[in-house]
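Quick look at what TrEMBL lists:
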- 1-32: repeat 'WD' (REPEAT)
- 76-110: repeat 'WD' (REPEAT)
- 117-158: repeat 'WD' (REPEAT)
- 238-266: repeat 'WD' (REPEAT)
- 268-309: repeat 'WD' (REPEAT)
Amino acid sequence: MQARPPSVVLATGGYDHTIRFWEATSGVCYRTLQHQDSQVNKLEITPDKKFIAAAGNPYVRLFEVHTSNPQAVTTYEGHTSNVTSVGFQRDGAWMYTSSEDGTVKIWDVRAPGCQREYESRAAVNTVALHPNQSELISGDQNGNIRVWDLTAGACSCELVPEVGCAVRSLAVASDGSLAVAANSRGVCYVWRLTPGAGAGGGPSPNGVQTTTTNSTHFEPLHKLVAHPDAYILKCLISPDVRTLATAGSDKVVRLWSLENHFALDSELVGHSKWVWDCVYSVDAAYLVTASSDGSAKLWDIAKGEAIRTYNGHHKAVVCCALNDSAVPDPGRT
């Protein structure tokens, strides 16, 4: 009988070329994987919790989560520079990535070859999948945000919130209602999303260039100066779409209310260097953060306190991944 996946999978990666798995509640590291080629830029766990993807330079490697096998089961080759984002389609059938080589790629998880590629003409720092599963949204070093229509196989719209200011992170609400872009000047731009009726290929009043009739429409909603005089390295909307988390080079994570006009709810203070990444628990009660100080932390959001620190990496921790969602039992109907 095959063992059931663990109920909570928590992993971190960074510049010491390792991936570490942690018991979330105790803080004990129970497994370390060596990532020899490069630092680990991003991590993502498959929806079924069986695999974890590690984005490096320039490869993406897929490892088994609940075995002792130290070797990658699949290596995805095709990028020519740092891979900056990695994620999975809702059912885990395909994977998407972005890279400093200026491309966004789609991969069949079961095969090593790239299935589709989109050219962004600048280093791509971030990419997010719309909950409709048919659009990818990318942000690049030149400040461009592009929506890639996966059905049409083309860019359906472009936005430039600040010309020449790098987009560092993108987030899309789980209900598809909002999108947030965070940049290198500490600013978040927020849009309300609606299914689009198109604009015949012409620019709309809000600066969106629409080229297909079914693309999502972006309506400017708010400009949030979240981290003055600092880089925002990660923005993330909570699963319940009530809070926006922003993490920055000022060592602080800030939580903003989406129900109270982006008022500051709380600040999570405890890291001593840049905070690179964060991820919510599925119930939005907890947040995991990763920092250049060599640690990751688990925060109780209601208390605004770190309740666990994960120590063990020897260099900067720049990414974390958490999957504590319920996995359907294939043996039940």
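Note that Cβ sites are derived from N, Cα and C of the backbone, with glycine treated the same way.
Where the annotation comes from TrEMBL, it is an automatic prediction and has not been curated.
Using a Cβ-Cβ cut-off under 8 Å and counting only residues 6 or more beyond its ends in the same chain, the repeat 'WD' (117-158) has close neighbours at 78, 81, 84-85, 87, 89-90, 96-106, 164-176, 179, 181, 183, 193, 196, 208-212, 214-216, 218. Long-range contacts of the repeat 'WD' (268-309) within its own chain (CB-CB distance under 8 A, at least 6 residues past either end) are made by residues 10, 12, 14, 22, 24-27, 42, 231, 233-234, 236, 238-240, 242-243, 245, 247-249, 251-255, 315-322, 324-325.
Secondary structure by DSSP for the repeat 'WD' (117-158): 0 helix, 25 strand, 17 coil. Sorting the repeat 'WD' (1-32) by DSSP state (H, G, I as helix; E, B as strand; all else coil) yields 0 helix, 15 strand, 17 coil. Within the repeat 'WD' (76-110), the DSSP-based counts of helix, strand and coil residues read 0 helix, 19 strand, 16 coil.
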